[in-house]
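Chemist: Summarising the annotation, TrEMBL assigns domain '6-phosphogluconate dehydrogenase NADP-binding' to 7-166. Residues or ranges marked as domain '3-hydroxyisobutyrate dehydrogenase-like NAD-binding' in TrEMBL: 173-288. According to TrEMBL, the active site annotation covers Lys175.
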Amino acid sequence: MTDASRNVAFIGIGKMGLPMSALVAKAGYAVTAFDQSAARINEARAQGISIAASPAEAVSGKAAIITSLPDDAALRGALLGPAGLIAAMAAGSVLIETSTVSVEASTEVATAAQARGIAYLRSPVSGNASIVHTGALTCFVSGPKDAFDNAKPLFAAFTRAQTYLGPAEEARYAKLSVNLMIAVSAAMMAESLALARKGGIAWQDILKVLDDSAVASPMVKYKTAPLRTRDFESTFSCKQMAKDLDLILGAGHAVGVPLQLAAQVRETYGSLVAQGDGDTDFIATVKHLERLSGLGEPKL
């Protein structure tokens, strides 16, 4: 991006959006943000982020607009229609949309953006709120290649790596595919740990076995650390994972891919939400299997 285009709007400054906007500001961009939450606005102001009075004011005159929104409904509500952001954005600007949303909703945004002459980059980030402030998020991008190339310095301000995947909805499929692996891995870990405990293996010992084994992926190691102390504080909640699995199953149905494991794991997360664990970390699959197996808390 050129020096003349270093004015950036950030729409949605929640757990992910606020630290991302702070990183963009730290990189020397002039950031103007907006959120519906007064608490989030106050927190952003405390971090030195300029706040607009409305979404339209936030995007006015900006060459790049970054959005971080919770779901399809928020995406459609914020971006589409006569009062949406796209209607207020200038032709020739770029929309960098970082949320995890459905391919269907994203396609609607693409149609609206194209009609206004706006370059739409589907840019879902991978990572969670515990690491976003470090700049360690990765990003999958699809949309106009020239717009991506021009925006690389901006992406580098809040992500450590970006993978360009194609001109349309490829990035959405990539994010859903990664999250499918994460969800199934959490269910797999839960069953493995319950089986080991029932077989008489001490809690710390089985976690070490996993860490030292051929299955010790970054995902496994990322979760064995908090499990050592039975820390289920949410980095990404069961409720959020259930939502993402709904998106995953919808995408599979749309393109004719049977996602049988995804369907089964979705029921596990539905059970966790129904049992009151909706706001607990998604690795609460471990607690779910322990309950089903008649296991109490392990000795730490």
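Each residue, glycine too, has its Cβ placed from N, Cα and C.
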Chemist: Would you count the other C-beta atoms found within 10 angstroms of the C-beta of the residue listed as 'active site' for me?
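Modeler: Result for the residue listed as 'active site': 24 neighbouring Cβ atoms inside 10 Å.
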Chemist: Please spell out the DSSP helix, strand and coil residue counts for the domain '3-hydroxyisobutyrate dehydrogenase-like NAD-binding' (173-288).
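Modeler: Across the domain '3-hydroxyisobutyrate dehydrogenase-like NAD-binding' (173-288), DSSP assigns the residues as follows: 90 helix, 2 strand, 24 coil.
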Chemist: For the domain '6-phosphogluconate dehydrogenase NADP-binding' (7-166), provide the mean pLDDT of the predicted model.
Modeler: 96
